[in-house]
Amino acid sequence: MSETVVESFTLDHTKVKAPYVRVIETQSGPNGGTITNYDLRLTQPNETAIETGGLHTLEHLFAGLVRDEIDGIIDMSPFGCRTGFHVISWVNYDSETLAKVFKKVLEKIASDDITEVPAAEIESCGNYKDHSLHSAKEWAKLILAQGISSDAFERHVV
């Protein structure tokens, strides 16, 4: 077994109050450069998980829509537990700023303006058949109804 301490394994998942954005950590590289890893938690851990089609579609939608709103996003990867995403950025945003961005992006996803899943073709997606725009829109509406907090442990809805 590894002796490396993985931050997400030390987080008490029974204490957090989703949906929220929190800073996991900021790291400086050995040759310079700094990245920040965020926890974008969309559903309450161990209570609800987003099915793969909806989560996969949110991933594709976030990829472009979030980058349209802010600079420095390196990656947004879904958690294996399907409750949210890691968000990796070159820019060290505070959690309130990112929570506001994701609120705006989820509002776009929930709207009638989004009618297709970007890059959901065999050439551009490794599992192109596993998408559900309907599910992504329903999750966006549910998350917005609950409100996105800028704090993982106390509700500070943006």
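Numbers run from 1 along the shown chain.
Including glycine, each Cβ sits where the backbone N, Cα and C put it.
If you look up Swiss-Prot, you'll see His56, His60, Cys125 marked as Fe cation binding site, on the strength of sequence analysis.
Annotated Fe cation site His56, His60, Cys125; additional same-chain residues within 8 Å of its Cβ mean position, judged by their own Cβ, are Thr57, Glu59, Val117, Ala119, Ala120, Asn127, Tyr128, Asp130, His131.
In the structure as shown, the Cβ atom of Cys125 (Fe cation binding site) sits within 10 Å of 17 other Cβ atoms. Looking only at other Cβ atoms within 10 Å, the busiest spot among the binding-site residues His56, His60 turns out to be His56.
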